[in-house]
Amino acid sequence: MEFPEHSRHLLQCLSEQRHQGFLCDCTVLVGDAHFRAHRAVLASCSMYFHLFYKDQLDKRDIVHLNSDIVTAPAFALLLEFMYEGKLQFKDLPIEDVLAAASYLHMYDIVKVCKKKLKEKATTEADSTKKEEDASSCSDKIECLSDGSSHMAGDLPSDEDDVEEEKINILPGKTDLATESGNMWIRLPSDSASIPQTGGEAETHTAAAGKTADSPCSSTGSLSHRSATSMRDSADVDCVLDLSVKSSLSGAETLNNSYLSSQEILRNSLVQVKVEKEASCDENDIDTTEYDIERNTVKESSSSNIRAPYEPVHLAPIREDSVLRELDHDDKASDDDITPENERVQMETNMDSSLLPYVPNILSPAGQIFMCPLCNKVFPSPHILQIHLSTHFREQEGIRSKPANDVHVPTCSLCGKTFSCMYTLKRHERTHSGEKPFTCTQCGKSFQYSHNLSRHAVVHTREKPHACKWCERRFTQSGDLYRHIRKFHCELVNSLSVKSETLGLPAVRDWTLEDSSQELWK
């Protein structure tokens, strides 16, 4: 005949005895807290206590638990579970209960705590996602409201329209001829120094048009005030003439070229890009490949799209190349704008007269970006770095062997080289099998001194490697590793989950400080 309620009645009686202190044969210390209990109950519910009492049962009246891992409230909760079979977290953190259960090897409690932590993490992730969605919606609404409020402010006035009509007049062939045929170019800055392909140029032009038409765009009509300010900043925007020199005097040519270029600059943009040089001549001739790309702009508002480009002044190049470029551009302005007409490539060599203008080519600070190997000049350090890589790419490959008069420690058997004779001697032991380090206690020999030091612990009976979970000590780090794998694997994994959830240091960083680093190799 079975009595189903017998087990429950037994637990109830044991719980009453524990509260009364009747027949309690052990005391568990967690920090300053004392817990009276029965050894049989503790050993039946916890593998930690089972192993603790297995060896010396009569000498283990007091049990000390690591208060850094097990807290007093968490152990009190687990102790109630042992005697009553009920687990009530109350207001305790689940992480503390998980750490205590892992320390005591109560794996059923560990599984429950892990499940609750996963549910908690999922709930927090869902709530965070909802908050982010709500905030993104509110940001979109604010953006739309700001765009509608700035709509009226972005509309140009009547005077601006008149100025815009004056500025948007494109010069014809006669204008280009009478105005010394000056062309104004802009070199790309560091952030835009990578050459664009044809498809990218089309996309950039289309994007510029959309930006100019959008109500939220920061580009507006070019007023008379902005033109005046551009003339005042002549000391910053250093310019050079790209065209054929006319019969005017030096001062008149400079003034006319500067004024005429201001009008051309508002309507056209020639982007000069420096391509990578693959080789260098023996005579150190300064040569640089340029891709000149000219985009005809219909509206003046798009003249501010490429603000990052700085206007620079280049030395004169060959007459026939410039004339062909001007004629080609004039013909393209009469036809519809197509990708073929928008991109015009011209490859020329820089004249040696560029070198006197080096301080004006580059940044306003006067920095010189010149290749130290071939003396070529570049507009930015980024392009210079790309050019230098072409030199070093040619030198890649097998390292040249040192001169014959330089002695390098080399193994005579396998030909391997070393930095010093000490490492060579250690390497030679792998071929000869020599074991110069001998233990004075047992006569065992080793190839390396650190192996002898590790072996000496066997004779001294020292146990420097301590387990953080059960405070057992071991002579070798490998024994400690096998012990953790066998008895504390669940605890290590659970604390790994805990550290990832709470953003704590990894288990390897704070649980095994006293053990050897070879444990985790």
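Every residue gets a Cβ built from N, Cα and C, even glycine.
Here Swiss-Prot flags 197-212 as compositional bias 'Low complexity'.
Annotated compositional bias 'Polar residues' per Swiss-Prot: 214-230, in sequence order.
For the domain 'BTB' (24-91), the model's pLDDT averages out at 85. Feature annotation from Swiss-Prot assigns domain 'BTB' to 24-91.
Per Swiss-Prot, the feature region 'Disordered' maps to 190-230.
Sequence annotations record features per position, and here Swiss-Prot assigns zinc finger to 369-391 (among others) based on sequence analysis.
Among the features that Swiss-Prot reports, zinc finger is placed at 409-431 (among others), with the record citing sequence analysis. Helix, strand and coil counts from DSSP across the zinc finger (409-431) read 11 helix, 2 strand, 10 coil.
Same-chain residues lying 6 or more positions outside the zinc finger (437-459) and placing a CB less than 8 Å from one of its CB atoms are 426, 429-430, 475-476. What Swiss-Prot records for 437-459 (among others) is zinc finger, and it gives sequence analysis as the kind of evidence.
Residues annotated as zinc finger in Swiss-Prot, with sequence analysis given as evidence: 465-488 (among others).
Taking DSSP states H, G and I as helix and E and B as strand, the domain 'BTB' (24-91) has 29 helix, 14 strand, 25 coil. Residues in the zinc finger (369-391) partition by DSSP class (helix H, G, I; strand E, B; coil) as 11 helix, 2 strand, 10 coil. With DSSP states grouped into helix (H, G, I), strand (E, B) and coil, the zinc finger (465-488) comes out at 11 helix, 4 strand, 9 coil.
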